[in-house]
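J.: Features from Swiss-Prot:
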BINDING   Arg21, Gln22, Ala23, Gly24, Arg25, Phe40, Asp71, Tyr146, Ser201, His316  substrate binding site
SITE      Asp71  site 'Transition state stabilizer'
Amino acid sequence: MKQIINPLKRNSNKIPIWFMRQAGRYLPEYKKVREKTKNFLDFCYDVNKATEVTLQPIKRYGFDAAIIFSDILVLPHALGWEVDFKENIGPILKQFKSQEDFKYLQSNPNNKLEKVYEIIKKVKEELPSTTSLIGFAGSPWTVMSYMLEGKGKQDFKTSKKFIYENKILAKELLNFITEKTADHLVNQAKSGADVLKLFDSWSGVLGEEEFTEFVIEPTKKIILKVKEDFPKIPIIAFPKGAVLLYEKFIKEVPIDILAVDQMVPLEKMKEWSDKVIVQGNLDPVVLLTNKEIIKEKAYKILQTMKGKNFIFNLGHGILPETPPENVKFLTEYVRLYEEKNSNSTF
């Protein structure tokens, strides 16, 4: 396999490390900044505050990558769709139901995404040159499912029923979001993002046929579109919960880096790393435990992936109740391991 050299700017034989939701509620310095802005989306669009919280975990832990502080739902919001975040509830959206809703979606864009690009530029100015900056977007199926459900975590009966019963409209919506997502990622790359990531949080609710149509196909289109303008930019895809369909995803989608959740067996990660860089997959709950358990679980991952195409991360985002000192311990442990075993492919 042709090596993707240094996707996270490590110019040595070391294991890149960063964490999903590394900028977030588990950090006291984040809470201090966040409490000054009541509305979450306003916070995401605040250039100075979003820049500050993006940089906080880099200053505290020295991760190999910063991920821009934003949200996957800024895209539909910027397209004029009604999106709000309720405390202790999560996202609440206008529910997409009809062709009239599609016409509305096509005709009410705003310039909110320009703030995201300003944040990327500002972070890039302040970020150490050895640290990568990751831009991201929600994958079309996940964004679409939020719009169809009108809220966050559900059983997805509404979304799945809609795509079964309204195939033409569902495909129109999917294609529209796919196009806008590709544009959003291209603009993030133009603004200075070194790496791009697609989060497909709800891909695991689909069967194989729908997974192909609503996850694989739009992801391929987005990657090919981005690569037209930025052929060398590494792209991470995270089809969370794909289980056995991860293998189909790897085979059919031209990704550089595959992020996997904690349900994926380590031996599968090792096998896949011969075809693609693999990122993952420590269970975030492990960081709620103690140092011995953290060390034990991290060691198993590191030993299995030793010498492979690998980025150390979690299987999902850092939980809000995570002790910051546990994140510090894990990061230092990975660094110590790599010092003793400096024969990684990176």
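One is the number of the first residue shown, and numbering goes on along the chain from there.
Note: Cβ is positioned from N, Cα and C throughout, glycine not excepted.
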J.: Where the record says Arg21, Gln22, Ala23, Gly24, Arg25, Phe40, Asp71, Tyr146, Ser201, His316 bind substrate, what is the longest distance in Å from one Cα to another among those residues?
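T.: The span, Cα to Cα at its widest, is 23 Å.
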J.: Which one is it: of the binding-site residues Arg21, Arg25, which Cβ has the fewest other Cβ atoms within 10 Å in this structure?
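T.: Among the binding-site residues Arg21, Arg25, the lowest count of other Cβ atoms within 10 Å belongs to Arg25.
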J.: Only counting partners 6 or more residues apart, tell me which same-chain residues put their Cβ under 8 Å from the Cβ of Asp71 (substrate binding site).
T.: Phe40, Leu41, Cys44
J.: I'd like the Cβ neighbour count for Ala23 (substrate binding site), meaning other Cβ atoms within 10 Å of its Cβ, all protein chains included.
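T.: Looking across every protein chain shown, the total is 25.
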J.: Let's check the environment of Ser201 (substrate binding site): how many other CB atoms sit within 10 Å of its CB?
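T.: That number is 23.
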